[in-house]
Amino acid sequence: MSDSLPAGVERRAIDGGTRLATRGPPVYGEPTDGEWRAWDPERSKLGGMFELGFDTGLSGGETVLYLGAASGTTASHVADFAGPTYAVEFAPRPTRDLLDVAEARDRLFPLLKDARKPETYAHVVESGVDAIVQDVATRGQAAVATRNARFLEDDGRLLLAVKARSEDVTAEPDDVFTDVLAELEETYEVLETERLDRFHEDHLGVVATPK
Amino acid sequence: MTTDESDAGWFASVPPDDLAAARDAIDGGSAESPADWPRLAVESGFADDSDNYYDRLREATLHATREAVAERERADDRQLIHAVRAVDDCERVANELAERAVEWAGSRFDGVDSGIAGAREIAEREADDDLDRRVISLASRAAALADERDALAATIDRVAPAVAPNLADMAGPELAARLIALAGGLESLAKKPSGTVQVLGAEDALFAHLSGRAPSPKHGIIYTHEFVRGTRPEDRGSAARALAGKLALAARADHYSGEYREVLHEDLRERMATIRARADANGDETGGDDE
Ligand SMILES: C[S@@+](CC[C@H](N)C(=O)[O-])C[C@H]1O[C@@H](n2cnc3c(N)ncnc32)[C@H](O)[C@@H]1O
């Protein structure tokens with residue numbers, strides 16, 4: 001399982017358990033061990049995907065576009081092991097905290113932008129990124145992934161967390177996931193899917209690559 | 001040509017150390033497609049090498065985003081209040097004008113439907129004379145106002161989740177905006193006790209109660225929420241109290257941290273399931289309909 005972890009992400013004994021960890025300045029009061037800080041899969045969909053053994057295709061040092069960065073909990077870990085990381089978030093208040101996280105790092109670029117409108121940041125975010133990490137939790141999650149495909153390298157990876165309730169509160173999560181995947185498949189080839197319920201109720205993890 | 005310009009990188013007309021210009025370019029610029037900006041920036045002389053480019057990008061995005069956050073935080077809940085008041089004004093005036101146009105048109109044409117739909121039909125007609133022209137023009141203004149109402153509502157759908165992510169998810173964007181407007185801002189909503197949130201929008205009824213003329217109102221505008229409306233009448237008081245309690249917490253989370261708090265939403269769902277289970281236990285259907 002651990003062979004699927006990128007360089008810079010390790011399982012380490014921290015705080016009395018074996019935890020995923022990255023090396024960087026602490027962000028949210030997470031337990032640390034020297035330079036290493038624990039990555040809590042309960043607070044991060046991507047952390048959950050690593051914990052569940054998804055093959056993310058990441059090996060470390062990649063250029064990443066992160067959509068829905070919020071206050072930077074997950075984006076901080078990504079910036080720890082990846083290369084240049086563009087973090088898009090559209091709500092001002094969490095972005096205020098994201099700024100502190102970015103201040104403490106060299107290659108985390110915060111952008112207050114709406115992920116449904118990639119043309120408003122395509123003059124900043126470079127083409128050919130190796131991975132898009134998406135966790136926007138609003139209606140239209142497949143459309144966001146589709147519109148942002150323009151940034152992704154041909155053999156790049158979309159690492160997506162779909163929240164069922166954001167699409168339709170009343171529908172069965174499985175029905176929502178089926179619809180989202182169908183829409184996604186117009187632009188992407190889906191490589192792997194698995195429910196993240198162990199860490200995040202009614203979420204689906206998806207790994208995909210451009211068609 | 002403009003296509004070249006609109007597809008230039010953010011740094012195209014920014015002097016290397018001019019952060020104000022960088023902010024304008026990052027905030028206001030756009031491009032249909034991304035490009036290999038680090039390489040182009042080095043080629044154009046903006047940066048010495050890609051490391052130097054990323055250093056400049058870091059400085060520029062930190063500055064631009066910090067300024068944009070400060071500006072938006074100052075402005076957004078006020079903007080939402082203006083928008084939701086404008087929705088109400090457009091709706092009221094559109095209906096009044098449509099009614100007038102339909103009534104007038106009924107005296108001149110056959111088979112005129114009522115309301116905005118009727119106004120839209122009239123707006124499509126050909127005029128035969130000057131009076132026709134006035135009726136048709138009036139109807140088309142009513143229709144345009146109804147369109148404006150819808151456009152404003154769509155804007156609220158977009159803005160409310162950014163201003164108040166928890167409140168907007170819990171109440172829906174429009175009700176979230178109305179609560180903020182009734183309280184006079186997100187900050188004052190965040191400072192209200194949940195009992196006040198529960199009756200916001202029922203000020204008249206509350207006044208009648210305080211002057212001894214009526215029972216105390218169980219809910220104000222939150223009545224429009226599915227959790228209250230869709231609960232059987234005898235449980236609506238508990239539903240309104242539970243919803244108001246969580247809405248008050250959502251407003252506080254939005255004002256003080258701005259982060260989405262999943263646990264608030266789960267708590268509310270559980271509470272509602274419990275209240276509705278009472279009705280099911282009594283083998284008795286709820287008043288409203290969920291779907
Ligand atoms: C579940 S949270 C993300 C948590 C974050 N990924 C983490 O693990 O640290 C979803 C975030 O997406 C943001 N969001 C929703 N729609 C968005 C959009 N259209 N553009 C940018 N951000 C959006 C929300 O404001 C919220 O902060």
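Each Cβ is built from the backbone N, Cα and C atoms, and glycine gets one as well.
Which of A:1-30, A:91-120 counts as region 'Disordered' depends on TrEMBL, and there it is A:1-30. In three-state terms derived from DSSP, A:ASP114 (S-adenosyl-L-methionine binding site) belongs to neither a helical nor a strand segment and is classed as coil. Take the binding-site residues A:GLU89, A:ASP114, A:ASP135: by the count of other Cβ atoms within 10 Å of each Cβ, the lowest one is A:ASP114. Checking the binding-site residues A:THR73, A:GLU89, A:ASP135, A:ALA137 against chain B with a Cβ-Cβ cut-off of under 8 Å leaves A:ALA137. When secondary structure is read from DSSP and collapsed to three states, A:ALA137 (S-adenosyl-L-methionine binding site) falls in the coil class.
For A:ALA137 (S-adenosyl-L-methionine binding site), the count of additional Cβ atoms within 10 Å of its Cβ stands at 21 [all protein chains shown].
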